[in-house]
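J.: One structure, pasted below without further comment.
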Amino acid sequence: MAPKTLLLLSLILVLLLGQSCATKDYGLALTKSLLFFEAQRSGKLPPGQRVTWRGDSAPNDGKDNGVDLSGGYFDAGDNVKFGFPLAYSLTAIAWGVVEFNSRLEAKKEIGNALAALRWGTDYLIHAHPQPDVLYVEVGDGSSDHDCWQRPEDMSTPRTSYKIDDSKPGSDVAAESAAALAAASIAFKGSDPKYSGTLLTHAKQLLEFARNHRGLYQNSVPQAGQFYSSSGDDDEIVWAAAWLHRATGEQTYLDILSSGNNGGVRSMFSWDDKYVGAQLLVTKLLLEGKVPNSGPWAAYKNNVDMFVCSVVQKGNNNVQKSPGGILWFLPWANLQYVTSSMLVVSTYADYLSAAKATLSCPQGSVSPQDLISFATSQVDYILGANPKAMSYMVGFGSNFPVQVHHRGASIVSIKADPKSIGCKEGFDWFNRNSPNPNVLDGALVGGPDANDAYTDSRSNYQQAEPAIATNAALIGVLARLA
């Protein structure tokens, strides 16, 4: 081949690679992923609110029980505040902030990340008015789902539900403890007083959880219809791991050494926290703070096998679609992809700091291999997939426009202040047209196991966003940006 032809081919290749990289602006994706949390805010919106099509909502939440539960986040495309996935989402945001603080600072997003975290932790503090009392839901899922209304217009019951020493919920109490402990580390540098308050609540909630065991859906059946917990052992060790990281106290190591390490898991999720606890223990082991033997070695071995299966180097690998996205579940699959990528990205940095690699059944995996795998998953989400569609709303030129989301799918109250009733809203739901409000940064549930996606408001399995899906992605995007 002539030298000129080679040079021309090289230039074309460089241009193509440049275009490919340019389409994956992780910094922009990070900015948008944080914007989504502003669209999910409940209560009186702050002066700096950037999602301007939203208005104040649910100001009287908690009044039925004499507490202020007006803040926090709506869970997904609905207007209910579910405490169990909310607490997990806050832990995931905090984890990203703790691990990738300097990268968030470099992208000038640390303020927005801490604001997203604080909007949730302020709510958790209000939801925990006494050591053995925690409010775990506001609103009723069944009646809420019978209506299609903007949050500003809600006419459904806003009942608040709690757990206490006679009606326990050790799973949600311990997850809330994990969230507050992780957040206390995130705020330690910028607001030590607030950090101390978070830590006090975290300690009380784990003590409450350990002294009053029981699944929360047995105390609050309304929550169990939507977010039923499969157990509480995982939340107990997860909270203990975060409280040890926040305090260094031996008592939390004792809980971990005698606790259930969970074995090898198939996912990390709002319901299953074992992988997170295993990885935090592995950090201690890599740093020489616990011995590489006994229960500590078991924690590490279990997370190693999980990560090996995720990056396709294990004996029982996580399924992938033909286009390359990890496949866990038909409903909101991307939620489990983002959570596993937070684990993979974090582990890469733990291994790198220890100058170590991951030994998998199918070969050695370097920290860079882990980051490359996480990058491939994020790239798929942002458009490098068979449909050439970004599954982050507002990112790129081709993204879902009929997102299953009440607020986004109905004209903004700022544009039309006339109240829209419970059933009237379905007129907007049934329109075969783009949502009037772009839900910037929201990750939808995502494509199916064969990379297919139907952009329809009624397709809630694929088209509904949720705070738990976005929460884990913040740290991953910060790491890649």
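We number each residue from 1, going along the chain as drawn.
The backbone N, Cα and C atoms fix where each Cβ goes, glycine too.
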J.: Which is it, of 42-62, 147-167, that TrEMBL names as region 'Disordered'?
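T.: Going through 42-62, 147-167 one by one, TrEMBL flags 147-167 as region 'Disordered'.
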J.: Measuring Cα to Cα, how far is Asp455 (active site) from His404 (active site) in Å?
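T.: For Asp455 (active site) versus His404 (active site), the Cα atoms are 9 Å apart.
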J.: Return the residues near Glu464 (active site), defined as same-chain residues 6+ apart in sequence whose C-beta is under 8 angstroms from its C-beta, sorted by sequence, else 'none'.
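T.: The list for Glu464 (active site) reads Ala76, Gly77, Ala332, Val403, His404, His405, Val444, Gly445, given in order along the sequence.
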J.: Can you count helix, strand and coil residues in the region 'Disordered' (147-167) using DSSP?
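T.: Breakdown, helix to coil: 3 helix, 4 strand, 14 coil.
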J.: Let me know how many other Cβ atoms fall within 10 Å of the Cβ of Asp455 (active site).
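T.: Other Cβ atoms found within 10 Å: 17.
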